[in-house]
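*Asks:* Copying in the features that TrEMBL gives for the protein in this structure:
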TRANSMEM  20-41  transmembrane segment
TRANSMEM  62-81  transmembrane segment
TRANSMEM  101-120  transmembrane segment
TRANSMEM  127-148  transmembrane segment
TRANSMEM  179-212  transmembrane segment
TRANSMEM  233-257  transmembrane segment
TRANSMEM  263-287  transmembrane segment
TRANSMEM  308-325  transmembrane segment
TRANSMEM  345-366  transmembrane segment
TRANSMEM  378-400  transmembrane segment
TRANSMEM  406-427  transmembrane segment
Amino acid sequence: MADGHLMRDGFLKKLDSDSISGPALILIIATIAGGGCNFLFQIMMQNTIPNQISELNTLLSILYIISVPAGAVQNVVVKFVSKYKAENNDDAISYIMRRTFILVAGLGAAIGIVTSFILCTDTIRGALKLTSTTAIALIGAAIFFSLLQPVGSGALQGFQKFTKYGTQSMMNYALKLIVGFGAVLAGYGVAGAIGGVITGIAFASILSLFLVKDHLLNKGTPVKTNEIWRSTVPSMVGMLCYTILTNVDIIFGAILFDKDPANYYTSASTLAKVALFLPTAVVGAMYPKIARAYEEGRDPNPILKRSLAMMLVLSLSVCAVYVIAPEFILNVLVRGVYPLEETAPLMRTLAIAMLFIGLGNIFMYYGLAVNAHSHIMIMGLSVAVLIGAIAFLSIAGIAITPYMLSIIMIIVGALNASLCVIALKLSKRKMRPMSLR
């Protein structure tokens, strides 16, 4: 029995070591389990409340976009916990975590209340076709917990405690599935589904904070925070652009299309995002590794190359299935719910779009880890091109169809990925002469 414990402990230590493969394996397992629950949640919602799927995902898209500061906070916490861990400065870590906790708790409460109020106004509610006041109120509460969670989860990543990080992440999605599906079956509709979302986020927030409570309870030693806030701005901008790029098409669909086409498009877009969720595990493992390598003066490019290889294997596998057999996937997952002739072509094109966007996301996180902001600018440019294209077509009086919107997403995604590759090559050329001096 003792030997079993030693083997288990040795295995976990190895997985939490400096190589990218171990942490990525843990996070891939956690992401497959958690993402599987999230995927099942979407499938069950599409089969139980198909006529409300556009409303549900419009609300979720708003939650993800409004909660962008959470991603920025998590990136900053990961980066500076990694930095001060490398310096063995636990007091600095405690100080940063406590200050961040106080800030995001107040910010989350304020943003949640304001968002719920705005969504309840007749103009916004009518434009987005929102019917559930309870769901809108729950979105406000979900924003609060979304902003609170990164304090704990970001610290777990920074400490490279990937097993604990993966556990709280899995529980988030498991509870979202169980509570959300149960509430929908009980007849609570969109409000019940959002209730599952907030249950998962709240539990993960509390658990992650509990796992790092020793640092939160320690007042720590004050450190200069100017560098921290300088890192927060590019991180927040990058996360905002990425979140808009992967969610705003659903909001556009709710505004531009009638109810049924909006539901078809939302279903296809949600299913296509499977091409994004597996690479998210690679990003989660890569970011703290590159940040630490950069702080220690080591070359982070080998980590980037391994991360890109893993991401491409995962995403290309998913994308190939979606491109070759979208009808089969729809028949298995949502048989008879949406017309195949309308939904299958959307799934095919949107899966390709998500492949490109996922590639750009890897480069953006690399830029955040090494304080190179060109990839963030590219992500922002991609958002501007997407919104500009929709605005131009609308002003020109050209009717935008769901398939046309999916093609625009492919063009924008391909532009994003191509510019990121070019920017990386140019940055390497600039670094070579410096390295020879």
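Keep in mind that glycine also has a Cβ here, set from the backbone N, Cα and C atoms.
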*Asks:* Should anything in the same chain at least six residues away from the transmembrane segment (308-325) have a Cβ under 8 Å from its Cβ atoms, list it; otherwise answer none.
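*Replies:* Same-chain contacts beyond the flanks: 20, 24, 28, 271-272, 274-276, 278-279, 282-283, 347-348, 351-352, 354-355, 358-359, 362.
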*Asks:* With the transmembrane segment (263-287) as the reference, find which of 62-81, 101-120, 233-257, 378-400, 406-427 contributes the most Cβ pairs under 8 Å.
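*Replies:* Most Cβ pairs under 8 Å with the transmembrane segment (263-287) come from 233-257.
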*Asks:* Return yes if the transmembrane segment (127-148) and the transmembrane segment (62-81) have at least 3 CB pairs under 8 Å (sequence gap of 6 or more), otherwise no.
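*Replies:* They do touch: at least three Cβ pairs between the two stretches lie under 8 Å.
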*Asks:* Hey, does the transmembrane segment (233-257) touch the transmembrane segment (101-120), meaning at least 3 C-beta pairs closer than 8 angstroms, sequence gap 6 or more?
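*Replies:* Since fewer than 3 Cβ pairs under 8 Å link them, the transmembrane segment (101-120) and the transmembrane segment (233-257) do not come into contact.
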